[in-house]
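Asker: Reproduced below are the annotations present in Swiss-Prot:
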type: ACT_SITE; residues: His291; note: active site, proton acceptor
type: BINDING; residues: Glu249, Arg287; note: S-adenosyl-L-methionine binding site
Amino acid sequence: MEAIAQEIQKLHANTDEAGRGKINHDLSVLLASFDTDWEKILKLAAGPLRLALVKVGVDQGIFHALNERSHTLPELIEKTGVAPYLLERILRGQASFGMIKEEGAKGFAANRFTTLLAGPNTSGAVTYIFDILRPIASAIPGFLSERNNPAITSTHDTVFQRAFNTELGGFEWMTGHPEHYGNLFQFLALRPNCEWVDAFPIEAEIGSFTNDPHVEKVLLVDVGGGTGAQSVAFRKKLPHVKGRVIVQEIAETLIHVGAKAPAGIEFMEYDCFTPQPIRGAKFYYLRYVMHLWQDERCVEALKVIITAMGPESRLIIDEAVIPDRDVPWQAACQSILMTAALAGAERTLTEWHNLLDAAGLKILNIFPYDLNMQSVIIAVPK
């Protein structure tokens, strides 16, 4: 078995991202085939507990403590204040799920997963998963059972309202609970840095757009760009290309930028359903925006951008383009949650063509760039 494991590790280390994804998938299928029916049921039962143990480890500082050094059970009891008999069971459970590792009879230490769970953004990410995503997922069965027509057509009539006992839409509710915005941004910050700017020939697209030395044009308008991470990636990719880079966001999000605004990036308060003040920019960039809404709302926002585009402008949509079958689990989960929480959706290639056509746009090219079907879609007005 050790020789087999070493061979798999060697293959995993020496292949590209697509190859690693296939290895991971094939191994998951193989391992699942070994489970008995009862083991499959037990794993379902363990799912909620696994998340709860992660939350406990974050809240009680267990992962941080072990990431600094190994601890004995008495040391962790003193550090956390949790009752000895309960903490010992929690630690054993965390070790059984691979969150930490056991050392000797009563000792515990960090592993790779512990280090991740002790990371700077993980606390907010885990809290967001536990406080927001978990209740939404739990409310889906009841939502479907109670409705004769379970179609979700409005942001005010989704699983979110049932999960949080509110009549407000998801983002309206979040505005009244700003701590969750901060947790959301920490969650999103953990995504792998597969850079959209490396996915297509971006300098060829810019061409001679910025050649006029007397005019500083706008290179990028990052619509709904959060705290500017993608604009920073754009600047790093093209430090030698002059031109303004502007992030547009709602006020509730800009609060989280504050004095930490990245150098060379402008921030502007903006609602994407109001007239676009930046006209004739080279790129109007939307990342994880269209999947928040159903088609009608997307068309409305896209038409606003079209009115601001010049003859050299390009619309860039950075989102998943999912296949009609064999969808990766990551994209499938995200699609379900977007629909359940916000009446949004991840879209197939056909759905993207139909959506952009309805808005008055045509797709010039699509560049996939990761295993979750994340893609750069380049479009222009018809």
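Keep in mind that glycine also has a Cβ here, set from the backbone N, Cα and C atoms.
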Asker: Where Glu249 (S-adenosyl-L-methionine binding site) and the residue listed as 'active site, proton acceptor' are concerned, what is their Cα separation in Å, rounded?
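Answerer: Cα-Cα, rounded: 17 Å.
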Asker: Once near-sequence residues are set aside, which residues in the chain of His291 (active site, proton acceptor), 6 or more away, have Cβ atoms under 8 Å from its Cβ?
Answerer: Glu319, Ala320, Gln334, Ser335, Met338, Gly344, Ala345, Glu346, Arg347
Asker: Return the residues near Arg287 (S-adenosyl-L-methionine binding site), defined as same-chain residues 6+ apart in sequence whose C-beta is under 8 angstroms from its C-beta, sorted by sequence, else 'none'.
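Answerer: For Arg287 (S-adenosyl-L-methionine binding site), the qualifying residues are Trp196, Asp222, Gly224, Gly225, Gln230, Ile317, Asp318, Glu319.
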Asker: Reduced to three states, what secondary structure does DSSP give Glu249 (S-adenosyl-L-methionine binding site)?
Answerer: strand
